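**Student:** I have a structure here, written as structure tokens, and I will follow up with some questions on it.
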Amino acid sequence: MSSETPSDEVRRKWLKPAIGENFILLNDVLSSSYSTALNLSSGGTFKILKQLDSYDDENFLLEHTTPTSTTTTKYLVKVHNGVESEDAKIIDYQNSIMTHLNLHPSITTTAPLLSDDGAPFSNHKLPVSSPQHSPAPLTVRLLTYIEGTPMAYKQVTPALLFSAGEYLANVDSSLDNFSHPASERFHAWDQKNTTSLREFVKYIQTPERQKLVSSVIDAFESTVLPDASNLRQGVLQSDFNDANIIIGASDKIAGVIDFGDSVKSWRVLDCTVAMAYAMLSSYGKTGHSLAASAAFLSGFNTKYPLTPTERMHVRTLVCCRLACSATLGAYSYSQDPTNKYLLLHAEPCWRTLELVWSQVDADHLASFYDLAMSPEANLDLLSVPDPTVPDHFQKLRTSTKRSFSDTKTITFVTGNKKKLEEVQKIMENTTATITNHKLDLPELQGDPLYVSEEKCKLAVAEIGGAVITEDTSLCFNALNGMPGPYIKWFLDKCGHDGLNKMLDGFSDRTAYAQTVVAYCSGPGSPIHLFDGRTNGKIVLPRGPLDFGWDPVFECSEGGASSAGLTYAEMDKSVKNTVSHRGKAFEQLKSFLETESS
Ligand SMILES: O=P(O)(O)OP(=O)(O)OP(=O)(O)OC[C@H]1O[C@@H](n2cnc3c(O)ncnc32)[C@H](O)[C@@H]1O
Ligand SMILES: [Mg+2]
């Protein structure tokens with residue numbers, strides 16, 4: 001056992017690398033430690049293209065060009081969390097796993113390049129999130145890059161999940177012949193340690209959800225733990241989620257990345273962790289969480305059949321991972337309450353846990369999973385929507401299946417009641433049904449198109465189906481478009497009079513209102529943006545004061561029923577014919593019509 005304790009999860013937050021966009025720092029690290037690998041002395045060049053996602057480390061995409069070649073090669077630069085960096089054995093462990101797996105003919109993973117010292121890593125003092133601990137000694141690795149797209153950005157299908165199951169089964173078969181002393185370590189994300197989750201339950205925001213997680217932990221202790229000695233052991237990948245599965249040409253799995261959570265534990269856990277993530281994939285989130293997990297299990301079981309004892313605990317162990325993600329997510333939020341993303345990202349996980357643990361009958365789910373592991377299993381039989389009645393699965397075997405994707409319901413995600421009223425009116429006579437999900441999405445910063453697109457990404461993750469979001473700006477021409485997307489804050493803090501005063505001293509009081517609507521038909525689908533603008537000028541308030549800056553925006557477009565009136569003075573139906581919002585939504589309507597024809 002290594003000396004790691006559960007509180008290392010706490011230290012991981014302090015010691016998360018904080019290089020971010022500071023590519024100069026990273027360039028120095030690479031030039032000083034990887035000049036041979038990147039053949040810098042013979043004219044090789046490199047460029048950091050961008051930062052990639054990571055939970056506790058920092059990853060960057062590097063493009064390398066050699067003087068003799070016209071093609072470029074991509075690499076991944078991984079800056080490890082300070083906790084892992086303290087332990088050279090862990091880094092060596094991860095490198096050994098990759099080397100081992102790359103020998104398998106049908107498995108590809110990243111591989112480390114050697115530093116100028118001949119080691120598959122280098123160490124540097126670099127900034128970390130906690131100023132008290134910054135800079136800290138961090139380990140940097142230069143890794144080969146697997147060409148393709150993470151599954152998280154693909155439209156996931158049951159067939160893809162089935163092959164992902166087969167792929168992980170191959171990885172696990174290969175890891176049955178692998179051992180390393182550092183694999184014997186404590187890790188809070190290892191579901192064998194579900195009991196250690198108890199200390200984090202207090203960070204969960206509602207008593208109902210605290211009770212939910214406690215009941216999963218209770219079940220784990222009373223049913224799984226007594227069987228521990230009958231569960232096969234092995235080194236696990238431990239984190240087979242859609243960000244770590246790379247999809248290559250023709251939607252084939254091109255490789256697996258990230259062995260940061262790898263431990264020696266119960267073999268079945270590699271499969272149940274991945275099943276939990278399959279539930280949260282783009283297919284799982286569109287009302288097919290159980291089907292998604294069953295497709296994965298089916299694929300895994302064909303190549304690596306589970307034993308009767310392992311089968312018995314599949315449901316509980318899947319829920320242990322969901323509970324772990326949701327609870328440690330709540331803990332992260334408690335450490336960084338300004339980060340609303342953490343809450344939004346955790347929400348689908350909570351909903352899935354509620355569904356699987358509390359709403360679906362345990363015996364029926366067990367028999368569904370048995371079906372997935374039986375010789376009769378096929379993806380058609382398993383691709384069922386999540387149940388709405390408790391005995392769903394019994395009926396299912398004899399009834400025909402129903403598809404959720406036929407419905408054309410689009411959810412408009414906004415926290416603003418007045419916007420919703422207008423949008424419902426504008427979208428009244430369309431084929432799509434607009435429902436509303438009231439949610440205060442974070443007020444993001446940046447260009448209006450970017451803000452709207454990001455809101456849409458958050459909304460689609462929250463809803464798991466077709467969504468619309470919009471962001472509205474009020475742009476003063478004299479101020480080169482400011483306050484723009486920040487109008488909400490200016491209005492809150494300065495009021496209508498303040499907005500007027502901002503233009504005192506300028507001869508130009510003209511402005512334009514802009515709405516950028518973002519539409520996405522579901523997880524994994526592209527986001528479409530529609531930009532509507534209306535010209536006017538800023539005046540002293542006239543008309544009702546019930547919607548934002550309506551009383552101070554005098555419209556200069558349209559006929560006598562709109563030009564020269566403030567939005568607040570106009571009839572609501574007239575506002576929709578000339579407004580920024582009306583124009584943007586009209587474009588969306590035409591788009592939806594062409595899409596459905
Ligand atoms: O949840 P979301 O959709 O983000 O709703 P929001 O009220 O936060 O809206 P925005 O982020 O788009 O911020 C726009 C600000 O402009 C106001 N606003 C939006 N549309 C308006 C309109 O048509 N007329 C007047 N004020 C408007 C709105 O009340 C906000 O203060
Ligand atoms: Mg907003």
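Cβ atoms here come from the backbone N, Cα and C positions, even for glycine.
According to TrEMBL, the protein has these features:
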{"type": "DOMAIN", "residues": "55-277", "note": "domain 'Aminoglycoside phosphotransferase'"}
{"type": "BINDING", "residues": "414-419, K455, 471-472, 547-550, K575, 580-581", "note": "ITP binding site"}
{"type": "BINDING", "residues": "E443, D471", "note": "Mg(2+) binding site"}
**Student:** Among the binding-site residues T414, T472, G548, H580, name every one whose Cβ is found under 6 angstroms from ligand 1, counting any of its atoms.
**Tutor:** T414, T472, G548
**Student:** Among the binding-site residues E443, D471, D550, whose Cβ has the fewest other Cβ atoms within 10 Å?
**Tutor:** E443
**Student:** Taking the Cβ of G548 (ITP binding site) as centre, how many other Cβ atoms lie within 10 Å?
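**Tutor:** Step by step: centre on the Cβ of G548 (ITP binding site), count other Cβ atoms within 10 Å, giving 20.
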**Student:** What is the number of other Cβ atoms found within 10 Å of the Cβ of T472 (ITP binding site)?
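**Tutor:** A count of 25.
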**Student:** Using a 10 Å radius around each Cβ and counting other Cβ atoms from all shown chains, which of the binding-site residues T414, N416 yields the largest count?
**Tutor:** T414
**Student:** Tell me whether T472 (ITP binding site) sits in a helix, a strand or coil according to DSSP.
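**Tutor:** SS state of T472 (ITP binding site) = strand.
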**Student:** Over all shown protein chains, what is the count of other CB atoms within 10 A of the CB belonging to K418 (ITP binding site)?
**Tutor:** 13
**Student:** Taking the Cβ of H580 (ITP binding site) as centre, how many other Cβ atoms lie within 10 Å?
**Tutor:** 26
**Student:** Starting from the Cα of E443 (Mg(2+) binding site), work out which of the binding-site residues (N416, K418, K455, T472, D550) are within 10 Å.
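**Tutor:** Qualifying among N416, K418, K455, T472, D550: K455.
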**Student:** Could you give the Cα-Cα distance between H580 (ITP binding site) and D471 (Mg(2+) binding site), in whole Å?
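**Tutor:** Given the Cα positions, H580 (ITP binding site) is 11 Å from D471 (Mg(2+) binding site).
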**Student:** Just checking: which of the binding-site residues N416, E443, T472, G548, H580 have a C-beta under 6 Å from ligand 2?
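**Tutor:** Those binding-site residues that pass the cut-off, since their Cβ is under 6 Å from ligand 2, are E443.
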